[in-house]
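What follows is a set of notes on a single structure, which appears directly below.
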Amino acid sequence: MAAAISAAVSLPSSKSSSLLTKISSVSPQRIFLKKSTVCYRRVVSVKAQVTTDTTEAPPVKVVKESKKQEEGIVVNKFKPKNPYTGRCLLNTKITGDDAPGETWHIVFTTEGEVPYREGQSIGVIPEGIDKNGKPHKLRLYSIASSAIGDFGDSKTVSLCVKRLVYTNDGGEIVKGVCSNFLCDLKPGDEAKITGPVGKEMLMPKDPNATIIMLGTGTGIAPFRSFLWKMFFEEHEDYKFNGLAWLFLGVPTSSSLLYKEEFEKMKEKNPDNFRLDFAVSREQTNEKGEKMYIQTRMAEYAEELWELLKKDNTFVYMCGLKGMEKGIDDIMVSLAAKDGIDWLEYKKQLKRSEQWNVEVY
């Protein structure tokens, strides 16, 4: 249960260097043996019937206790045939004007009817019909707010959405249906919402865990929800005392999402929060190679490998699928030094819920 919280959130927009929003709130698994009978001098043998009960008792089902915060989680409360209608409260561009693409932070009302958790997703059904005259299909988006929302009253849900616009092979400009629908919303506009869904990216229960977050672009969404709960909120039943380490990869510095928020968290929690950016078009490593997220991680390779050997280290990866191979390449050589097959070890981490991936 969340107690009173207070946090200043800076969301840069194209019209001003930052939008400062003051947020304060009050919260929200028989064997019958052979028998002889003596009668005078004649012995009468009575052969006993031997029966054996071969029915086996059903095996006891062992329920594996999850290391994640799954208690009371709700999934698929709202389905495509009966979605929840949310209303847009806020829609702010959070990338600079010179960024390669627009990303928007969108806040919807839920009136407490969509009980999501950090790490879950919701679906959005855009208005209109497709070329076949049928309603558009839903698109899933990772939730970018903590369970009590940006306003701390458990009545909103936030998304981080990049506007999809590209030129196809025929030279035509193509716009993503749902992303453009969302990025064009004005306060007061409605949107059909489904879900919540997902358990893969739920936070670990252990408040002393090491949580390594690897995100590219809008893959930052679930990690913003994690970090708000850890560092911007106060809860009676949860206080994070571990280490949160965020690696965020983007093409340009004007594409860094929620930068001011994260820097404020780091300033106030220097012992519990580490923050590393990888800006591929502006930064290089000592070899002159572009600074992708795996390039930045390579600078801390030995330290990361030591953390991955611990039972209370959890890795979460969200964003572009391409970063997976680069991260594997780093870990293969490190694990080999200890005589460990990295790909097999990663499977063990997945089974123990310590390696969690949501890429696209």
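Using N, Cα and C of the backbone, Cβ positions are placed for all residues, glycine too.
Residues annotated as transit peptide in Swiss-Prot, with experimental evidence given as evidence: 1-49. Annotated domain 'FAD-binding FR-type' per Swiss-Prot: 81-203, in sequence order, evidence recorded as sequence analysis. The feature NADP(+) binding site is assigned by Swiss-Prot to Ser142, Lys162, Thr218, Val250, Pro251, Ser280, Arg281, Lys290, Gly319, Leu320, Glu358, with similarity to another entry given as support. The disulfide bond feature in Swiss-Prot is assigned to Cys178-Cys183; the stated evidence is similarity to another entry. Here Swiss-Prot flags Ser179 as phosphoserine, drawing on a large-scale study or a structure entry. Residues or ranges marked as phosphothreonine in Swiss-Prot: Thr210.
Taking the features listed in Swiss-Prot, we show where each one sits on the structure.
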residue	record	Cβ contacts under 8 Å, 6 or more apart
Ser142	NADP(+) binding site	Gly119, Ser121, Leu159, Cys160, Met201, Thr218, Gly219, Ala221, Pro222, Cys318, Glu358
Cys178	disulfide bond	Val124, Pro126, His136, Leu138, Arg139
Ser179	phosphoserine	Arg139, Val161, Lys162, Arg163, Leu164
Cys183	disulfide bond	Asn91, Glu102, Trp104, Ile106, Val161, Arg163
Thr210	phosphothreonine	Gly242, Leu243, Trp245, Leu307, Lys310, Asn312, Thr313, Phe314
Pro251	NADP(+) binding site	Ala99, Pro100, Val279, Ser280, Arg281
Gly319	NADP(+) binding site	Leu214, Gly215, Thr216, Gly217, Thr218, Gly219, Ile220, Gly249, Val359, Tyr360
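Arg281 (NADP(+) binding site) has a Cβ environment of 12 other Cβ atoms inside 10 Å.
For the binding-site residues listed here (Thr218, Glu358), the lowest count of other CB atoms within 10 A around the CB belongs to Glu358.
Binding-site extent for NADP(+): residues Ser142, Lys162, Thr218, Val250, Pro251, Ser280, Arg281, Lys290, Gly319, Leu320, Glu358, maximum pairwise Cα distance 28 Å (rounded to the nearest whole number). Restricting the average to the domain 'FAD-binding FR-type' (81-203) gives a pLDDT of 96. Classification of Arg281 (NADP(+) binding site) by DSSP places it in coil, neither helical nor stranded.
Here the domain 'FAD-binding FR-type' (81-203) is broken down by DSSP into helix, strand and coil counts: 7 helix, 51 strand, 65 coil.
DSSP classifies Pro251 (NADP(+) binding site) as coil under the three-state reduction.
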